[in-house]
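Scroll down for the structure; my scribbles are underneath it.
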Amino acid sequence: MRTLWIVTVLLVGVEGSLVELGKMILQETGKNPLTSYGVYGCNCGVGGRHKPKDGTDRCCYVHKCCYKKMTDCDPKKDRYSYSWKDKTIVCDENNPCLKELCECDKAVAICLRENLDTYNKKYKIYPKFFCKKAEPC
């Protein structure tokens, strides 16, 4: 469990319900969140939003934009719960803010699965200083 915590911290900084996000990514992609996405491209992991290198990196960019658009909750502190039913992520929250946070994390996990064919090992540990600023969300 401690490894999963470290994995998710590296994946998205200290934002969101980190343990849940890591589980979602593992469930959807079958990949270890830390070793596969921890410092992937220009947007996965800690740091600002940059021009995505590929579809996988774009998923992380869109995820950061999703967090940025939240107004009624704090993705850095708030925690949610979800369930995995019939290989589908179900956000179980009644609280609208926590449900929105869960849906942002669900969307990135599904996006990463849908973009497994764009995953490029050359971006697996990509130096952020090669990244260019992206358009605003």
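Each residue, glycine too, has its Cβ placed from N, Cα and C.
The following features are taken from Swiss-Prot:
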type: SIGNAL; residues: 1-16; note: signal peptide
type: DISULFID; residues: CYS42-CYS131; note: disulfide bond
type: DISULFID; residues: CYS44-CYS60; note: disulfide bond
type: DISULFID; residues: CYS59-CYS111; note: disulfide bond
type: DISULFID; residues: CYS65-CYS137; note: disulfide bond
type: DISULFID; residues: CYS66-CYS104; note: disulfide bond
type: DISULFID; residues: CYS73-CYS97; note: disulfide bond
type: DISULFID; residues: CYS91-CYS102; note: disulfide bond
type: REGION; residues: 121-133; note: region 'Important for membrane-damaging activities in eukaryotes and bacteria'
type: SITE; residues: LYS121; note: site 'Important residue of the cationic membrane-docking site (MDoS)'
type: SITE; residues: LYS124; note: site 'Important residue of the cationic membrane-docking site (MDoS)'
type: SITE; residues: LYS128; note: site 'Cationic membrane-docking site (MDoS)'
type: SITE; residues: PHE130; note: site 'Hydrophobic membrane-disruption site (MDiS)'
type: SITE; residues: LYS133; note: site 'Cationic membrane-docking site (MDoS)'
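Here the features listed in Swiss-Prot are painted onto the structure.
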residue : record                                                                : DSSP (3 states)
CYS42   : disulfide bond                                                        : coil
CYS59   : disulfide bond                                                        : helix
CYS65   : disulfide bond                                                        : helix
CYS97   : disulfide bond                                                        : helix
CYS102  : disulfide bond                                                        : helix
LYS121  : site 'Important residue of the cationic membrane-docking site (MDoS)' : helix
LYS133  : site 'Cationic membrane-docking site (MDoS)'                          : strand
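The subset of recorded positions (CYS73, CYS102, CYS111, LYS124, PHE130, CYS131) lying with their Cα within 10 Å of the Cα of CYS60 (disulfide bond) consists of CYS111, given in sequence order. The Cβ of LYS133 (site 'Cationic membrane-docking site (MDoS)') has 10 neighbouring Cβ atoms from other residues within 10 Å, across all protein chains displayed. Considering only the recorded positions CYS111, LYS121, LYS124, PHE130, LYS133, CYS137, the residues lying within 10 A of CYS66 (disulfide bond) on a C-alpha to C-alpha basis are CYS137.
Taking each Cβ in turn and tallying the other Cβ atoms within 10 Å, the top scorer among the recorded positions CYS59, CYS91, CYS111, LYS121, CYS131 is CYS59. Secondary structure at CYS91 (disulfide bond), taken from DSSP and collapsed to helix, strand or coil, is strand. If you take the Cα of CYS131 (disulfide bond) and the Cα of CYS73 (disulfide bond), they are about 29 angstrom apart, rounded to a whole number. Taking only the Cα positions, the spacing between CYS91 (disulfide bond) and LYS133 (site 'Cationic membrane-docking site (MDoS)') is 32 angstrom.
CYS111 (disulfide bond) has CYS137 as its nearest neighbour among the recorded positions CYS73, CYS97, LYS128, PHE130, CYS137, going by CA to CA distance. Checked against CYS59 (disulfide bond) by C-alpha proximity, the recorded positions CYS44, CYS102, LYS124, PHE130, LYS133 yield CYS44 as the nearest. Taking a C-beta cut-off of under 8 Å and a sequence gap of six or more, CYS97 (disulfide bond) has these contacts in its own chain: MET70, ASP72, CYS73, ASP78. For CYS137 (disulfide bond) paired with CYS104 (disulfide bond), the C-alpha to C-alpha distance reads 14 Å.
Taking the Cα atom of each, LYS124 (site 'Important residue of the cationic membrane-docking site (MDoS)') and CYS104 (disulfide bond) are about 22 angstrom apart.
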